[in-house]
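First the structure, in the form of structure tokens, and then the observations on it.
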Amino acid sequence: MNVGSNSVGNNHLVDINEVLHEEEEDYNEENSNISTIADKPDTRFNRPTKNREIKRPPRKFSRQVSLETGFSVLNGETSKDKNERKILGRSGKSFGGFGVNGTTGIEARNKGDFNMFRTKSTIARQSSKIPLRKESGIELQNNNVKEGLNDHVKKSVPAGRYFDALTGPELDQVKDSEDILLPKDEKWPFLLRFPIGCFGICLGLSSQAILWRSLALSPVTKFLHVPLFINFAVWLLAVGVLVAVFITYMFKCALYFEAIKREYFHPVRVNFFCAPWIVCMFLAIGAPPKTAPGTLHPAIWCVFMAPIFFLNLKIYGQWLSGGKRRLCKVANPSSHLSVIGNFVGAILAAKVGWKEPGKFLWSIGFAHYLVVFVTLYQRLPTSEALPKELHPVYSMFIATPAAASLAWGAIYDEFDGLARTCYFISLFLYLSLVVRPNFFTGFKFSVAWWSYTFPMTTVSIATIKYAEEAPSFITKALALALSFMSTTMVCILFVSTLLHAFVWKTLFPNDLAIAITKKRYSKDKKPLMKRWTKHSPLSFVTSIGKHNSGDKECASEEEK
């Protein structure tokens, strides 16, 4: 760093531009010519620094710092008024708040640096660390700021941080007291606004295909003469929506993989990574009789169940290990979704003729269902408090025992005592939620509302199976009433989704949940650099060195 003193007005200025290695050799040669330069009539510029600046190409960015007043002269040679001075910002990390590419951190955020969430290959990461040219100190510092932002995005956010910073039906809204990495008032790219919760739409439609198949083939509802064409139409619609959502999300994985990682660490959305494969199994179970054989090939079960099994190993392992993502910290109603996959897999295993794997999956699902149910029911003091707005996903409570009863009946070919016990649990939970209508009102429409449909449809199918084993007027009326309610809810949500997506274009707002910071930064936080006063050039340079050494120590502590 070259420290030289200039005089602008009555202020003492310090040139803090970096001296490159190639320029150090020129500086030694120029020292021998100082006497010659000193003989020239203009003695004001007889310093070796000025002679070196003549040979150097003009810099795009020049800064002089006033040690007395805290003013800076930026590009004074191109300014109309040479005496014009700009006040430096007070951010200690960037010498005046200058961030990447010469903009302040606030300006960079307002412009929307969405590249921090883009997918970076291994070659790109390695090449980005290789210096292509020699950079000045300011450029190196700006690159360090950019790398710091990227590292901040890549680091996993603690589970409790999501509960502290977010609110909404699926922890998808940022609290007013929080700040995020991306601008709130700017429209983000579509893929960044496309959450994994969209697979909830597929869950609702695919479960409806199973419901209409049961209504058409069950002897309990034979008097309704429900045509199989409805099952076929709903099944095709569910397949089309699944293909569209799956392809869109695959594009997001390819282009914005860092955002996918943020969703995976989200305590609610991590469970929706099981949703695509549950939907595929629903479509296999509810396929129209004319398009599917009586017994499906076991390879279908292997393909669809394998991802869920490996996700279960990961999620259940985190619950069991007792780390930062143990169950008492991350438990929420959507945790039932990772458990439901086991029961749906057991139903499909029985359909392909593999009943022993079905029993294995049923036992795993039932064991973890009991743990999740008790954890959510008693609310341990050590658990993170669920936000008040996390209400639509409370309907997940009724889906798991209903799916368990259907799976038990499919494995043992009878709706016996244990299957009825699970069904009665789901029916009671269903009624306990229905009598609280205010519990599910007061929220604007979002994709999270599709969480209502899948549990309601599952209970309706289980009620039809129960009515087959215990036929009576009450059981038949209950089956028809629940089926009508679930179908009505799906129709309302489907029309609302189309209106919000294509007419009002408000279905996909900015996904603020993926842009929260790892730690909470108070808005009234004091700057790192104190207000500048009179200092000698040496003391100013010494303070800069101490500040840089302090940053290195903080970084080493975070790595530990």
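Just so it is clear, glycine is given a Cβ too, placed from its N, Cα and C backbone atoms.
Whatever TrEMBL says is automated annotation, not expert-curated.
Annotation comment: TrEMBL describes 23-62 as region 'Disordered'.
Taken from TrEMBL, the feature compositional bias 'Basic and acidic residues' covers 39-56.
The transmembrane segment annotation in TrEMBL covers 190-212 (among others). Same-chain residues lying 6+ beyond the ends of the transmembrane segment (190-212) with a Cβ under 8 Å from its Cβ atoms: 114, 117, 170, 172, 226, 230-231, 234-235, 237-238, 241-242, 245, 248-249, 251-252, 255-256, 259, 263, 269, 272-273, 275-276, 278-279, 282-283, 285-287, 447-448, 450-451, 453-454, 457-458, 460-461, 483, 486-487, 490, 493-494, 497, 508-511, 513-514.
Per TrEMBL, the feature transmembrane segment maps to 232-256 (among others).
Long-range contacts of the transmembrane segment (268-286) within the same chain: residues 162, 170-171, 195-197, 199-200, 202-203, 206-207, 209-213, 231, 235, 238-239, 242, 246, 292, 296, 300-301, 304-305, 307-308, 311, 315, 332, 334-338, 340-341, 344-345, 347-348, 351, 390, 393, 513, each at least 6 residues beyond the stretch ends and with a Cβ under 8 Å from a Cβ of the stretch. TrEMBL lists 268-286 (among others) with the feature transmembrane segment.
Residues annotated as transmembrane segment in TrEMBL: 298-316 (among others).
Per TrEMBL, the feature transmembrane segment maps to 337-354 (among others).
Taken from TrEMBL, the feature transmembrane segment covers 360-380 (among others).
Summarising the annotation, TrEMBL assigns transmembrane segment to 392-411 (among others).
Nonlocal intrachain contacts for the transmembrane segment (417-435), taken as residues 6+ away from its ends with a CB within less than 8 angstroms of a stretch CB, comprise 394-395, 397-402, 404-406, 408-409, 455-456, 458-459, 462-463, 465-466, 469, 482. Sequence annotations record features per position, and here TrEMBL assigns transmembrane segment to 417-435 (among others).
Annotated transmembrane segment per TrEMBL: 447-467 (among others), in sequence order.
Counting same-chain residues at least six beyond the ends of the transmembrane segment (479-503), those with a Cβ under 8 angstroms from any Cβ of the stretch are 201, 204-205, 208, 211, 215, 220-221, 224, 430, 445, 447, 449-450, 452-453, 456-457, 459-460, 463-464, 466-467. The transmembrane segment annotation in TrEMBL covers 479-503 (among others).
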Range from 232-256, 392-411, 447-467 with most C-beta pairs under 8 A to the transmembrane segment (337-354): 392-411
Long-range Cβ neighbours of the transmembrane segment (392-411) (under 8 Å; 6 or more residues past either end): 169-170, 268, 332-334, 336-337, 339-340, 343-344, 346-347, 349-351, 355, 358-359, 361-362, 365-366, 369, 372-373, 376, 418-423, 425-427, 429-430, 433, 439-440, 443, 448-449, 451-452, 454-456, 458-459, 461-462, 465-466
